Amino acid sequence: MTKLRLAIVGAGPAGIYAADILLKAERNFEVSIDLFDHLPAPYGLVRYGVAPDHPRIKGIINALRGVLDSGDIRIFGNVRFGVDVTLADLKKHYNAVIFATGATQDADLNIPGMHLNGSYGAAEFVSWFDGHPDVPRTWPLEGTEIAVIGNGNVALDVSRMLVKHAEDLLSTEIPENVHAGLQASPVTDVHIFGRRGPTSVKFTPLELREIGQLRDVDMIVYDEDFDYDDAARDAVASNKQVFVIDKTLQQWRQRETGSASRRLHLHFFSKPVEVVDDGSGRVGGFRWERTRSDGAGGVVGTGEIREIPVQAVYRAVGYFGSELKDVPFDKKRGVIPNREGQVLRRDPEAGTGGLFNQQMYGVYVTGWIKRGPVGLIGHTKSDAMETIRHLINDLGNWWYPESPSEESIVALLDERGVQYTGLDGWRNLDLHEIALGEAAGRTRVKVVPRDEMVEISRGEG
Ligand SMILES: Cc1cc2nc3c(=O)[nH]c(=O)nc-3n(C[C@H](O)[C@H](O)[C@H](O)COP(=O)(O)OP(=O)(O)OC[C@H]3O[C@@H](n4cnc5c(N)ncnc54)[C@H](O)[C@@H]3O)c2cc1C
């Protein structure tokens, strides 16, 4: 019987679901799967993106752990594709590879002043508060007034983490340094800006409602944003999600404010124009243009410019994928070009301007790096199903590896001195974090420094 030796690069939900679906799929060949991740811990953005005060979503890790514990998958953590292993290496040892490397960079926002000190991407801040090993351990939380640009759930996560009192986060898994940083924050006002009106936001109703329940935080919405036109009224009447969002916002309009020590302001119809320099290269203000509905679902500028003083700006305008060595990359969309998960390369005859229209045999993609950084964890499952269907049907086009044995990749990593961590290593780290949590009366306390994670995983600590 044929055996598929499969490498999956990226142990986030997309990579783990792909492995699970393949193992359970109807097929007439055996499989042996190795999952690589450059982090010493699996689960991607579920561990390093989902906010710590969302334990229900973090709980998806339990289901993902069940897949890893099924015994049919090996994991190699702390192994970076493009550095520790290359595409040529994978071709030598596997029949095929699936890239599931996600999207972890901040998308750009091209307005003047974005480079100033005190201007940050949401992804950097999220990585900090979720204890990602590759970001600095301290975060400059010095501003009393902060602007957050964006009207999606990441903007809500960032704003909530900025405005929530640190002691209300103590029950979560946040690392000690994050708790200490948030506790020292002098913040009083967080302002969220979105170009469109309240009926066109990308927030989900649950996350929006949640932010209105924070202790000692007043929700400030502005009456001028609620003068709905026909299109907005239609949206409220016809779309349940918009209806609930509008209801939540309307309730906040009626609330008494003035007693809380912190405020969260929602500014709709506000198009970012400039991050203002305070004269010393630091963020001193935020300038935006008031927009209005164009009657066709979009907005147009009114020419009215407004400004408020702020000492920090966070842009939460989307994530963007990273290019991988020797793998085709669509620089505009930040994804690996593909047809339903089959990776496409440019026609070699057509040069660098050619279309991505030739299947790159043996190479597949799934998750956020396949379709861009939108959608929930659950969506990566349907993504993976599509990719696995093609992988199975393409049996005749898989690679013919020189050294397909399971030991040969281990020998290669050892020869290169890569300090990889396996499934047992993850179990060691997991138990260690849970024990740290127990000692502090919490469910878990995350270990942050990479070398410490690796030492604990490898039993060297
Ligand atoms: C701030 C934030 C909050 C979110 N909150 C929610 C939520 O509450 N609910 C929800 O359903 N969804 C949420 N999401 C969306 C969810 O996280 C994504 O849908 C999901 O994580 C995408 O899965 P993925 O496996 O494609 O990518 P990822 O989760 O990013 O996993 C990619 C993996 O690839 C690895 N990798 C990358 N490059 C390399 C390389 N060169 N070599 C080896 N490994 C590599 C990474 O380390 C990572 O482990 C949130 C997203 C963000 C950004």
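Using N, Cα and C of the backbone, Cβ positions are placed for all residues, glycine too.
In the record from TrEMBL, residues Ala14, Trp368, Gly375, Leu376, Ile377 bind FAD; the candidate from Leu39, Leu45, Leu344 listed for the same site is Leu45.
Remark: of the binding-site residues Arg195, Glu207, Leu376, the most isolated position is Leu376 (fewest other Cβ atoms within 10 Å of its Cβ). Shown in sequence order, Lys202, Phe203, Thr204, Glu207 are the residues of the chain, 6+ apart in sequence, with a C-beta less than 8 angstroms from the C-beta of Asn153 (NADP(+) binding site). DSSP gives Asn151 (NADP(+) binding site) a coil state; it is part of no helix or strand. The Cβ of Arg196 (NADP(+) binding site) lies under 8 Å from the Cβ of Asn151, Phe268, Phe269, Thr291, Gly298, Val299, each of these being in the same chain and 6 or more residues away along the sequence. The 6 Å Cβ screen around ligand 1 retains Leu45, Ile377 from the binding-site residues Leu45, Arg195, Ile377, ordered by sequence position.
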